[in-house]
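What follows is a set of notes on a single structure, which appears directly below.
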Amino acid sequence: MNVTQQSEKEAVIKLTGISKSFDGKEVISNFDLDVNHGEFLTILGPSGCGKTTVLRMIAGFETADAGTILLDSTDVTSVPAEQRHVNTVFQSYALFPHMTVFENVAFGLRMQKVAESEIEPRVTEALQMVRLAQMANRKPHQLSGGQQQRIAIARAVVNKPKVLLLDESLSALDYKLRKQMQIELKQLQRQLGITFIFVTHDQEEALSMSDRIIVMRDGVIEQDGTPREIYEEPKNLFVARFIGEINVFAATVQERLDEKRIKAEIEDTSAIVYCDLDVAPGDKVKVLLRPEDLRLEEIKESDNKGITGYVRERTYKGMTLDSVLELDSGMRVMISEFFNEDDPDVDHSLGQKVAITWVESWEVVLADEQEV
């Protein structure tokens with residue numbers, strides 16, 4: 001194994017047994033996390049889950065009450081922020097208003113007493129990387145929000161940190177600019193080859209940019225996986241509901257058909273579902289289906305085959321038609337269908353009776369647990 005291959009597999013950041021309390025309340029408890037070289041990791045969770053506290057402890061802005069933080073195998077638990085090879089981009093960008101763009105980016109290098117002959121080419125390179133070299137002599141107030149964001153990133157990477165931390169860094173941008181910056185951030189991370197740790201509560205941001213996502217709740221990691229694993233294979237109801245929209249059906253196991261499939265009663269209807277849980281007849285489970293995984297079939301009022309309901313709401317969104325159904329039990333189900341203007345049945349009428357189906361194996365089955 002060559003050095004490059006080895007470094008990519010070794011953790012650049014390693015948190016072990018980290019705990020942190022504020023005013024006597026523990027917000028992080030016995031927290032473990034490894035972040036690999038060159039990885040784009042997103043820490044995702046609702047407000048108050050502890051994600052920003054984790055980021056601030058990695059940066060050195062908060063001190064852990066217990067546990068260790070390693071940076072490239074060196075213990076930095078007690079090392080002050082300015083001595084860690086880690087830089088942070090904040091939500092506010094924190095640019096100096098009286099300095100030019102060039103001076104803002106050069107500030108960290110001058111604080112480190114880097115030779116002036118080296119500063120200019122490094123700052124120019126960083127500005128070229130974010131495609132703003134032509135703005136070098138402007139002041140921050142003369143830039144758009146997206147340009148200020150890119151300057152903050154250039155200032156953070158000019159020091160060549162081992163890890164770049166981004167704390168809700170896109171949340172102040174409008175929707176279109178935020179989408180553009182998501183693409184640019186990922187491209188920049190690939191170009192630099194350094195580790196990015198991004199904190200957000202925005203699921204779409206996490207799914208679109210990350211190599212890996214950890215989902216947090218109450219200071220604990222609920223799931224750690226790739227974006228696809230997090231979305232398609234949630235480990236519990238919290239993760240399933242937090243990442244996108246999902247329908248949760250209560251089901252009762254009737255019998256096991258084979259190693260992969262069971263027959264279960266869902267909404268007074270027998271259905272075959274894929275389930276690798278150790279279950280027996282009579283056990284309660286949850287069957288989860290995303291809105292885009294469900295199919296609708298318009299039926300006559302007299303038809304009662306399968307899971308049926310009535311269209312109560314419909315929303316045209318350009319590419320999709322989103323419908324809300326009310327089942328006989330009163331449960332509301334969300335369905336998202338690709339809009340095909342040539343299909344006479346796609347634009348369902350309010351009050352239309354429909355049957356729900358889905359492709360076998362697209363469902364996720366979880367053990368029965370209390371809704372949170």
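Backbone N, Cα and C define each Cβ position, glycine as well.
For 13-243, the entry in Swiss-Prot reads domain 'ABC transporter'.
Cys49 (ATP binding site) carries neither a helix nor a strand DSSP state and counts as coil. Within 10 Å of the C-beta atom of Cys49 (ATP binding site) sit 23 other C-beta atoms, taking all shown protein chains into account. Swiss-Prot lists Gly45, Pro46, Ser47, Gly48, Cys49, Gly50, Lys51, Thr52 with the feature ATP binding site, giving sequence analysis as the kind of evidence.
Within 8 Å of the centroid of the Cβ atoms of Gly45, Pro46, Ser47, Gly48, Cys49, Gly50, Lys51, Thr52, where the record puts ATP, the same chain has further Cβ atoms from His201, Met216, Arg217.
For Ser47 (ATP binding site), the Cβ neighbour count at a 10 Å cut-off comes to 7, with all displayed protein chains included.
Each of the binding-site residues Gly45, Pro46, Gly50 was ranked by the number of other C-beta atoms within 10 Å, and first place falls to Gly45.
The Cβ neighbour count for Gly48 (ATP binding site), using a 10 Å radius and every protein chain shown, is 13.
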